[in-house]
Amino acid sequence: MTNTRAIYAVIAILAIVISAVESTGDFGDSLDFVRAGSSSLFSGCTGSIAECIAEEEEMEFDSDISRRILAQKKYISYGAMRRNSVPCSRRGASYYNCQRGAQANPYSRGCSTITRCRR
């Protein structure tokens, strides 16, 4: 008995939606919430996914993938922060002190449990 009531409810809702769509006259305009999420749904595009997706949606997809890849790493390299530039081109030099003859690691810290140095 409960199943038949559920079926009747679904049929009634579908009938209301269909009558609302037909009364507006234009199928595409009445379902803006569907078209906003998938611009190529009704276009009949037969190309690749990249060709069928609008440019702005494609760029959002690309940045989403980039964020996921960066989220998997524990660090961001200097190359990712500044494209086409090298922080220090001298071999073995520190990124922070890129002068000739400078120490590669000028920092010194005391021995403690946190630094795990051997005593």
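Including glycine, each Cβ sits where the backbone N, Cα and C put it.
Database features (Swiss-Prot):
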- Cys88-Cys98: disulfide bond (DISULFID)
- Cys111-Cys117: disulfide bond (DISULFID)
- 1-23: signal peptide (SIGNAL)
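For the pair formed by Cys98 (disulfide bond) and Cys117 (disulfide bond), distance between Cα atoms is given as 28 Å, rounded to the nearest Å. Ranking the disulfide-bonded residues Cys88, Cys111, Cys117 by C-beta neighbours within 10 Å puts Cys88 at the top. Here the CA atom of Cys111 (disulfide bond) lies 30 Å from the CA atom of Cys88 (disulfide bond). When other Cβ atoms within 10 Å of the Cβ of Cys98 (disulfide bond) are tallied across all protein chains shown, the result is 13.
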